[in-house]
Amino acid sequence: MSRAGGILRWRRASALRSSLPSGALAGERPPSGAVLFSGNKRLLSTAKTEPRICIVGSGPAGFYTAQHLLKHHKLAQVDIYEKLPVPFGLVRFGVAPDHPEVKNVINTFTQTAHSDRCSFYGNVTVGKDVTVEELQKAYHAVVLSYGADDNRTLGIPGEDLDGVYTARAFVGWYNGLPENRDLKPDLSSETAVVLGHGNVALDVARILLSPLEILQKTDITEDALTALARSKVKRVCLIGRRGPLQVAFTIKELREMINLPSARPFLDPADFKDLGEAVKDLPRPRKRLTELMAKTALEEPGEVVSGRWLSASKEWSLKFLCSPLEVLPTADGKQARAIRLAATRLEGSGDAAKAVPTGDTEDVMSGLILSSIGYRSLPIDPAVPFDPKRGVIPNQSGRVLGAPGLYCSGWVKRGPTGVIMTTMNDSFDTAQSVLEDLQSGALDFPDAKEGFGSVRSILQSRRIRPVSFSDWEKIDAAEVARGKLAGKPREKIVDPKEMLELIGP
């Protein structure tokens, strides 16, 4: 291995492990020539100016970027801006309420926020309340980590009918995202259709079918719990354009659906009968996932009756090789009545296989249709380059192309894919680029920058009231107290005005 290659691999490995407790890697030494920021007195003792770094977005990408910067540069001052009064992004508003273990990462983010070199400023919309150019004047580096705030549309007739919702809006509704608090989805249809075969699609199906006694112990909003208690949904059909070998959900999510006590799975054995040879050559995770689907499809009726689905009053199914063509309306033209599907066939194999229409169609009757075909990032400011086709900021290792001092991490950097661990590694990579540019002189450091000192006056002139992390902790305490009264971990406050009133003047 070359010396340069060894340095690069050491940096990457260190980035992946940087969240381990101090001393966990005792004795580990960088290869000769590696740049180490933390603890390097020769490099840092001569720097009289503290590098001021701004991060836009307080979800996993923002907090992991901040964590890495603070750990590996002992003088860095990091400010995190968030448009909502509350932090944590998709960990708070995207993770399913019955997955509390995934939300434990909030504890790590809170530790980062409590650092005396880190500040949180919520209730500040970058691109509106303060521009990116104004932030660049105030900070040595600006990292855009604001995620994907829009939905991919189906682009079919009837998409705007009542009864048709994006999974993003539905998830935001039951998770208390302020913009979705008034969604009021119509759950009067016995059959729900979910378009998509990803983890979010399974989350939505699971919430629709879960016993109330399970959901009552989570942080799902009270409005959602009340609506689900009245729900008429008995069947959920999850529809995908491609086949069993291309599903995007994970085996963990699939197991949860299969083990759901109130709902029986219906998978067509014919969908799996010709996959034998193909399965042999699959990577192990994909192979195990496919084998579990096939096993579930091939359950004998006798096993089902005597087994775990004996008392199931609801059901769910996976439907493959179908693409949405049109949402069909009721007689008055206002409400969804059914969805027309085009049968597809695959060209190619594996993840690269493409779905091509065969010319056949099928109508599935449903008054509740949820589109779970992905998220999309939006441009934040005219000053920031943006690729509208891919929905990302053009970058190289997090460095925004053609914009020195500007960086990006998370979904707006790579697209809305991967899990929280993927975002962690991606954010560490961007943070490392910032650190390297501070060291190399690519940034205008050590020229002095005022950071929030200059931004504060801008916000005051525009009558914007930033929310601090200690302010958030008042909201947090109120939510936990309300939840305790209801026997829940918390009862989320969904109105930003109420949040600000609770904080006080």
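Placed from the backbone N, Cα and C atoms, the Cβ positions cover glycine too.
According to TrEMBL, the feature domain 'FAD/NAD(P)-binding' maps to 52-208.
If you look up TrEMBL, you'll see Ala61, Glu82, Leu90, Val126, Trp411, Gly418, Val419, Ile420 marked as FAD binding site. The Cβ of Glu82 (FAD binding site) lies under 8 Å from the Cβ of Gly57, Ser58, Gly62, Gly89, Phe120, Tyr121, Gly122, Asn123, Val124, each on the same chain and at least six residues away in sequence.
Here TrEMBL flags His197, Gly198, Asn199, Val200, Arg241, Arg242, Glu253, Gly418 as NADP(+) binding site.
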Minimum Cα separation from Arg241 (NADP(+) binding site), reported as the residue among binding-site residues Leu90, Val126, Trp411, Gly418, Val419 that achieves it: Gly418
Among His197, Gly198, Val200, which are recorded as binding-site residues, the nearest neighbour of Leu90 (FAD binding site) by Cα: Val200
Distance from Gly418 (FAD binding site) back to Arg242 (NADP(+) binding site), taken between C-alpha atoms, in Å: 19
Integer Cα-Cα distance in angstrom, Val200 (NADP(+) binding site) to Val419 (FAD binding site): 11
Asn199 (NADP(+) binding site) and Val126 (FAD binding site), Cα-Cα, nearest whole angstrom: 30
Binding-site residues: Ala61, Val126, Val419, Ile420 - member with fewest neighbouring CB atoms within 10 Å: Val419
Candidates His197, Gly198, Asn199, Glu253 (binding-site residues) - the one closest to Ile420 (FAD binding site) by CA: Asn199
Whole-number Å value of the largest CA-CA distance among His197, Gly198, Asn199, Val200, Arg241, Arg242, Glu253, Gly418, listed as NADP(+)-binding: 20
